[in-house]
Amino acid sequence: MANNQHNHTPDPQKNIAVAFALNASFTIIEIIGGILTNSVAILSDAVHDLGDTFSLGLAWYTERIARRKPDSRYTYGYKRFPVLAALVNAVFLLGASIFVLSRAIPLILNPEPVHAEGMIWLAILGIIFNGAAVLKLNKGDSINQKVVRLHLLEDTLGWAAVLIGAVVIRFTGLLWLDPLMGVMIALFIIYNALKNLREALRIFLQASPADSDIPGLEEKLTRIPGISGIHDIRTWTIDGNTHVYTLHVVAERGIPAEGYPDLKKKVRETLNASGFEFVTVEIDRFDEHCGLNDC
């Protein structure tokens, strides 16, 4: 199973590289345009896109590392490196968004003149560039790719909001709309960045996989013929997609040692079918105490 996953990594890696090129190119345009139009909404997005460019570069690098095979130092492989990138990216987004809020909130009460027509053209370009990058990453399923895709989707939605706001400013002169849009975009980013940060921390703290019904799975295992009970259960996820399950199985009275391999096979098949790639099973006799404190 692990080998099959490695074979599918080059395409997402290439897509991240393309998205990086698109985002980096537009960030330069955006910074210049934000200064020329004097728009805090555009400058806010420029700071955000600069963070996204960093995120994409880090995502590309860690996806490349994740392709390495397990070794004596990292026995489960390098799949958690992209999760580290997701954690760093989420923290970066939080910091950038707080900076945006510190700039935008005072300008709501004291707005400055902006070049609405320039904002409109930049918003159209932003939707095109970021929309193309989102489409490139649309099929990624790792937490790293999900976080990066979320960054770019937020940017696309943000540019749509900027476009609408710029049109309104152009025809009404309501200058406070520009910093208000900056605040709304920043709050939306903070909300989603906190969700991604929580998911990454759950993985690093080795919480049980969020997509697995652990109690239901335990009940299913105890119904396997020849098993009288299970204990010392440990479950965690390596990267949000690759899950680990270790446990002790108590064989029923009368099951000979020769029957243990068959029990292990049935347990592994059940857990593999439930999404657990790495499974470790230890068989205990019905009258054996495993010696662990929580058995």
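Cβ coordinates are placed from backbone N, Cα and C, and glycine is handled just like the others.
As recorded in TrEMBL, the features of this protein are as follows:
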{"type": "TRANSMEM", "residues": "16-36", "note": "transmembrane segment"}
{"type": "DOMAIN", "residues": "17-205", "note": "domain 'Cation efflux protein transmembrane'"}
{"type": "TRANSMEM", "residues": "83-106", "note": "transmembrane segment"}
{"type": "TRANSMEM", "residues": "118-138", "note": "transmembrane segment"}
{"type": "TRANSMEM", "residues": "150-169", "note": "transmembrane segment"}
{"type": "TRANSMEM", "residues": "175-194", "note": "transmembrane segment"}
{"type": "DOMAIN", "residues": "211-284", "note": "domain 'Cation efflux protein cytoplasmic'"}
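Within the chain carrying the transmembrane segment (118-138), a Cβ under 8 angstroms from the stretch's Cβ atoms is held by residues 12, 15-16, 18-19, 22-23, 25-26, 29-30, 33-34, 36-37, 39, 41-42, 45, 145, 148-149, 152-153, 155-156, 158-160, 162-163, 165-167, 169-170, 178, all 6 or more beyond its ends. Residues 42-43, 45-46, 49-50, 52-53, 56-57, 59-60, 63, 115, 118, 122, 125-126, 129-130, 132-133, 136-137, 140, 145, 148, 152 of the same chain, all 6+ positions outside the transmembrane segment (16-36), place their C-beta atoms under 8 angstroms from a C-beta of that stretch. As a whole-number mean, the pLDDT of the domain 'Cation efflux protein cytoplasmic' (211-284) in this prediction is 91. Shown for the domain 'Cation efflux protein cytoplasmic' (211-284): DSSP residue counts in helix, strand and coil, namely 26 helix, 29 strand, 19 coil.
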